[in-house]
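Undergrad: Dumping what TrEMBL says about this protein:
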DOMAIN    1-85  domain 'GST N-terminal'
SIGNAL    1-26  signal peptide
DOMAIN    91-220  domain 'GST C-terminal'
Amino acid sequence: MAPTRPYIPKDVLVLYVPLMLLECLGIGHHVEVIDCKSDTWFANINPLRMVPAIEDVESPDGTRPTVFESSACLRYIAEKYDGKGDYRGRTGWERAQVSSWLAMHNAGLGSHAKWWLTLKRNEATDTNAALDIIMAAVKQQYSILDARLSEPNQKFIALGDRPSIADFATLAFANSQVAAVANIEFEQYKSLKDWAERMFALEGVKKAYERVQNFGVVDTCNCSKS
Ligand SMILES: N[C@@H](CCC(=O)N[C@@H](CS)C(=O)NCC(=O)O)C(=O)O
């Protein structure tokens, strides 16, 4: 049982797993084995307390990058340590291929296989039992996002002071309309709700949502017609 963080060396890349890429690149690292249930301190590295995650060496400014989710770990290691682009793509075309297939893994096999295992492990033998388990996971995600957005100076999800592509991706499934369809009271996630309102108030987001209403009818944007 380790509710507090054990000693972990500061001068070496700490790994809470993507070994294959590190081995292929020959990058020195330290492996820390995590007990996802009892190592509560690990929530500071990955709010879902799952492996893999990595912690890089301290930067000269004193910050220590942490990364969670396997694809984010792979991308981080590749961007920092694969200078020639052998594994992340050497050209724009190659990087687009790698990015697309990695995203497809996240949204597809990585997610579907994980859900199949979760439902099987929890013996969800009918649709309602399965829906309840998935609903609990959506609520857990909303809670994690809400806690993140309740931190001081954290107005947006990934970067504190401005929206990033992580915010654009998340907004599609974290807003009051989607929550209402799932019968989730979005109001109980106050910081998340405030964030969604901040996002919808952005000019670019407003324009995009307006345009989407007209897709298939008439595209009212003339920005590409100059
Ligand atoms: N989407 C995550 C999935 C990670 C995942 O499922 N990790 C498993 C081990 S392979 C885990 O930490 N399970 C512990 C738990 O569910 O408590 C990723 O790609 O990193």
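Numbers run from 1 along the shown chain.
The backbone N, Cα and C atoms fix where each Cβ goes, and this holds for glycine too.
I would like each feature placed in context: is it buried or exposed, what are its neighbours, and how far apart are things?
TA: Under DSSP, residues within the domain 'GST N-terminal' (1-85) fall into helix, strand and coil as 24 helix, 10 strand, 51 coil.
On the 0 to 100 pLDDT scale, the model's mean across the domain 'GST C-terminal' (91-220) is 95.
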Undergrad: With Cβ-Cβ distances below 8 Å as the criterion, list the same-chain residues six or more beyond the ends of the signal peptide (1-26) that contact it, or say none.
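TA: Apart from its flanks, the signal peptide (1-26) reaches 32, 34-35, 38-42, 44-46, 51-58, 64, 70, 73-74, 77-78, 81-82, 87.
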